[in-house]
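For Gly66, Pro67, Glu68, Ser69, Ser70, Gly71, Lys72, Thr73, the entry in Swiss-Prot reads ATP binding site, with the evidence type sequence analysis.
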Amino acid sequence: MDENRSKALAAALSQIEKQFGKGSIMRMGDTDVAADIQAVSTGSLGLDIALGIGGLPRGRIVEIYGPESSGKTTLTLSVIAQMQKLGGTAAFIDAEHALDPVYAQKLGVNVSDLLISQPDTGEQALEIADMLVRSGSVDVVVVDSVAALTPKAEIEGEMGDSHMGLQARLMSQALRKLTANIKRTNTLVIFINQIRMKIGVMFGNPETTTGGNALKFYASVRLDIRRTGAIKKGDEVTGSETRVKVVKNKVAPPFKQAEFDILYGEGISREGEIIELGVNLKLIEKAGAWYSYKGEKIGQGKDNAREFLREHPEIANEIDAKIREHSNLANAAMTTAPDEESDE
């Protein structure tokens, strides 16, 4: 670039910084620009790997959607528990008025420190979310769910009134306001969403999410969570097999998926994932029904192997660290492993 042009550019940059504040414009190569996106673990080792950065990205919007009872709230509560382990503050905006504090506690959430709001209208919910984000002192904000964000006009109107597009307009306006603040304060904002069926779709997928298209565009990560089967002990159902697909990912390659078990009353089975991923990476040997680690048998059948790892957290942490190292998530292992050791 010739001298005159570089002087003109320097003057323009100086003017922008003077008018809009330091850091409002910078070169991508500057050392001040954070190249690494900070991530919050999801509590699922397989999903952290599928996301490519070791968890959900901070300073971004994330959408988690799926059918009823697929594990959407369980996954978000697990993220909250991981954030609290790192000393972060979490807020849960419960538009569905359905959060069970006892269940949240079982998943490792410190309920006494969790900020909770049960708003009356969609406008109120999104305004509260925006105020929490702008405060800069909340690390993760969860909105449960987009489908329950009812516009004020609909609540105050008659039962049969038509309110086409109101919710979509509300979401579009709120996300325009939220996005810049989320990035500036490095807050992770998670929207839980439900699935609806499009009428008259002959070809392609008839499923769609509620609240219009704005969230699809503004979300950096979109996760599709599904229940694929039941976990049984005899005739009793003790949990559900779950698959999560990374439908959109702006921070790493998308379309990866993770499978894990959600045990009722416990949440995501960390030990179950360690066994599955350990076998896939040949860190754990499987011969018939027996599982072995370093030549030593750890259990016959997955349930017994899971119980062994639960009783020996140091072995579980060792395999966990090896899996993360193999998947280039060594940094994420450093933030979670010590906490889990101290919890035992």
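Any Cβ shown, glycine's included, is placed from N, Cα and C.
Owing to the predicted nature of the structure, the values given are computational and were not obtained by experimental measurement.
Locations of recorded Swiss-Prot features on the structure.
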{"residue": "Gly66", "record": "ATP binding site", "Cβ within 10 Å": "24"}
{"residue": "Pro67", "record": "ATP binding site", "Cβ within 10 Å": "14"}
{"residue": "Glu68", "record": "ATP binding site", "Cβ within 10 Å": "8"}
{"residue": "Ser69", "record": "ATP binding site", "Cβ within 10 Å": "10"}
{"residue": "Ser70", "record": "ATP binding site", "Cβ within 10 Å": "23"}
{"residue": "Gly71", "record": "ATP binding site", "Cβ within 10 Å": "24"}
{"residue": "Lys72", "record": "ATP binding site", "Cβ within 10 Å": "21"}
{"residue": "Thr73", "record": "ATP binding site", "Cβ within 10 Å": "23"}
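What surrounds the ATP site, by Cβ distance within 8 Å of the Cβ centroid and not counting Gly66, Pro67, Glu68, Ser69, Ser70, Gly71, Lys72, Thr73, is the set Ile225, Arg227 from the same chain.
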